[in-house]
Amino acid sequence: MNKPIRVVSVFCLVLFMALLVNSTYLMYVRADSLSDDPRNRRIITATFSRERGAILVGKEAIARSVPSDDQYKFQRTYSQPFKYAPVTGYFSWFSQTGVERSQNEVLAGDDSRLFVTRLVDLLSNSDPKGGNVLLTIDAAAQDAAWAGLEALPGDAQGAVVALEPTTGRVLAMASTPTFDPNNFASHDFGAVADLDEQLNNDPREPLINRAIGTTLPPGSTFKLVTAAAAIESGNYDAESMVPGGFRYQLPQSTTTIGNYDDGNCGGRRITMTQALQVSCNVTFLSLANELGTEAMADQAEAFGFNSTSLEDLPGQATSLYPRDMDAPQTAMSGIGQSSVTATPLQMAMVAAAIANGGDVMRPYVVEEVRAPNLSVLDRTDPQSISKAISSSTADELTEMMVATVADGTASPAQIPGMDVAGKTGTAESTGDRPPYAWFVSFAPADDPQVAVAVLVQSSDTSPDEIGGGRLGGPIAKSVMEAVINR
Amino acid sequence: MSQTGSLMGFVHRRRRGAELFLLVLALMVGIGAYAAVGLGVEGVVPADLVGYGGWLTALIVGAHVTVRLVAPYADPVLLPLVAALNGLGLAVLRRLDLTYEANGLDQHTFARQQLIWMTLGVVLFIAALVLLRDHRVLQRFTYTAGLTGILLLILPFLPFIGREINGARIWINVAGFSFQPGEVAKVMLVIAFAGYLVLHRDALALAGRRVVFVDLPRGRDLGPIMAMFGVSMMILVLQNDLGSSLLFFGLFLVMLYVATERPGWLVVGGLLFGAGALAAYTFVGNVQNRFNFWLRPMDYYDQSPGSFQLVEALFGQGWGGLIGRGFGNGFPERVPFAYSDFIVSTIGEELGLTAVMAIILCYGLIVERALRIALISRDGFGKLLAVGLGAIVALQVFVVIGGVTGLIPLTGLTTPFLSYGGSSLVANWVVVALLLRVSDQARRPAPRLEPVDDSGADSESTQVVKLK
């Protein structure tokens, strides 16, 4: 009977090998795809019940997990919920947004940079802790940005972005209306689901981070890009004489477009500096028409249009400069109308690039990743993503922008004892809604420390009060002052 | 029969010291896991660790001393393997109890009850070894054992004592205790099969005709296999118990093949099994469901009846990964019946692939030892008994772990020595006792044959020998 016993042995060996191989397949090969299944409540509960790392601004934890006495062990709390909501996002049982999402692996303790920490936790049998994330945000600048938005009259929608021109660090990012992430972090999941539905259906779109998630025609602030393209073409400088006058007739069309105040910009031929100072539509319509779609699109893309560059936050919209515009559209694009759209972040990048001698730096929000014991694991290095303009072009544009603030439409951003460079914008809106008010600026002009873009999408202000940087200018000024005076 | 051992003058060593050393390791597994459960779930070493460890040690030492005294040549690896698995199972049950208790469930004393059952199992193990000095005695009870086995299988259908739990009518309830008679029946049936087959193997083996390289048996010899097939189908249809049905029929096939050395029986059995499986798939909705859940578990997650249990087990094991989450850091309570059929998923989740592989290897070793015992056993009955008992463990482990890890469709069976379940645990301890008894006989030095000077007898026709 021994021969069949040996056969049975081999058969049993095959059975047990199959078990070994299959369990290896299940628990090693297939483990990741099982973890990714949205129905896998273990993953959700485990992440939700972990001592999640803090999100830091300076020394203050704007988001942190505190012990709770229910089954989830920890409750996420936000110390300044509305002010920082666009950056931190929320952390709920169902999902995350903002930095809570982009840095989820670090905060949850799963990131490979936290490997040693995890190993120690494992060996000491203590619960795993998440790493901390230090933001680039400057608390004073954020305070100023948020205070400025809050001070807007009525039910305003707007956003502020401030960048450090030399590095791309995001110093401030505020958006209004916004939401309270504490409500999303609640352990009452039914209430969270209701809140999510309610806010998603809110026509004021409080869940959108307007600083990066809303694209609108940039209006006159885009004249900076047009001017940059003109100077880069080699045919113009700040003192070149350019067309002024009352009206501009679009090519292939009978439509004529006038200037904002129905003026003539100071004459039939004016200097480029003067054109920017008074935000002369005729000048930049004709410049854009002369430069053509290709040159304009190349310049816009060099500043970062048609792509996204901020990697630290989800929910970014792409600022657009379409390459398939016809001649009238291209001319209109010269003053930031037709199909050109931009996020406040993109316009801040334009200002920052001019301030930084033409180098476009990749914007970033995460300064450092820290272990639970606060040792620094990783620090973001500033990274140049393109050379938008030459440094001489940058200098000329800076001078033109300084003149615009000192003696032009952007005067609300003046800071005593300091040269400030700036540009206003007023973009046409649809229907009977008020136009969008834009403001971009940087200061000090000779040694730029901060570049700001302000967008006021709608507010209870009469249309004629919006132009001239009356809404955006003071906000930009207070943010710049907050950075310079720190 | 193989006489190689004595022919070559080879004598097995007793190796009781090795067994003791391995038992110490096994106890470290059991008691260490119990301490780890306390540390992981509650953050403190369990207060009753000394009492618990002492009790476990006493049981194991009792078993070891018995083996030393009454089965000194028994296989030295089996008992430590079983002790380690049983100890780990107790610790995992304790871990589940703590969570069940915290969640306010009524049933949260599985570990305590399992320890009582283990005590009973070890007592029966000792009793079996002490009372049964030669396994061949069992051959006398071939038909008694067979009848008892069938009766035990029928018991759950009797009024008053039979009970249906979770859709399977395999329980009886006597004086407040629930018992699965099928667990005892399988030991009885192995004895019956071994006794029957060793007598009739020649008839089953020699007659038949050859069809395309395969010797098929005669039609009239198909009786036993058809009878066993009928019993298996009855279990499947009436008791709604796919696992046991598969186990009994597979067990019979393996023993039939070993007894007759004819692969033809496997062909016949395989065809019958295929036909039975097809019929079951077509006519029994439950079987169809389980097959579909196995093929596409994720599609049936939210349905009822659905694959929630299996998918949660897969999620848990996937989450456990290579080294597991550690005791207390997983959510094994999400899997219904994590304490019985799905205990391997609990182990996979909290102790990881490493522990699951270790467990599979332990079972593999148990089967290997059983088959080795069958190889060296000197008598046909012992060989068949050892093969049958080994096949029970192999099939049961394959069916249940394969089901829980998604290798084969899920069928309800307990994991030997790990799962909560008194009937299963007690029966498996007796299985080990029988295996040790057969191995003691097999490894014992062959009796020296000394002619006895017996002038009164006819020395031509009879040789009287004295066993020394």
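From the backbone N, Cα and C atoms, a Cβ is placed for every residue, glycine too.
Some features that TrEMBL has for this protein:
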type	residues	note
COMPBIAS	B:458-468	compositional bias 'Polar residues'
REGION	B:446-468	region 'Disordered'
TRANSMEM	B:20-37	transmembrane segment
TRANSMEM	B:49-70	transmembrane segment
TRANSMEM	B:77-94	transmembrane segment
TRANSMEM	B:114-132	transmembrane segment
TRANSMEM	B:141-162	transmembrane segment
TRANSMEM	B:182-199	transmembrane segment
TRANSMEM	B:242-258	transmembrane segment
TRANSMEM	B:265-284	transmembrane segment
TRANSMEM	B:351-371	transmembrane segment
TRANSMEM	B:383-405	transmembrane segment
TRANSMEM	B:417-438	transmembrane segment
CB contact flag for the transmembrane segment (B:351-371) and the transmembrane segment (B:49-70), at least three pairs under 8 A = no
Tell me, please, if the transmembrane segment (B:77-94) and the transmembrane segment (B:265-284) are in contact, taking contact as 3+ Cβ pairs under 8 Å between residues separated by 6 or more positions?
-> no
What parts of the chain pack near the transmembrane segment (B:49-70), using Cβ distances under 8 Å and only residues at least 6 beyond its ends?
-> 16, 19-20, 23, 26-27, 30-31, 34-35, 38, 79, 83, 87, 90, 115, 118-119, 122, 125-126, 129-130, 133, 436
Counting only pairs 6 or more apart in sequence, are there at least 3 Cβ pairs under 8 Å between the transmembrane segment (B:182-199) and the transmembrane segment (B:417-438)?
-> yes
Intrachain neighbours beyond the transmembrane segment (B:141-162), with Cβ under 8 angstroms and 6 or more residues off its ends | 169-174, 181-182, 184-186, 188-189, 191-192, 194-196, 199, 231, 235, 238-239
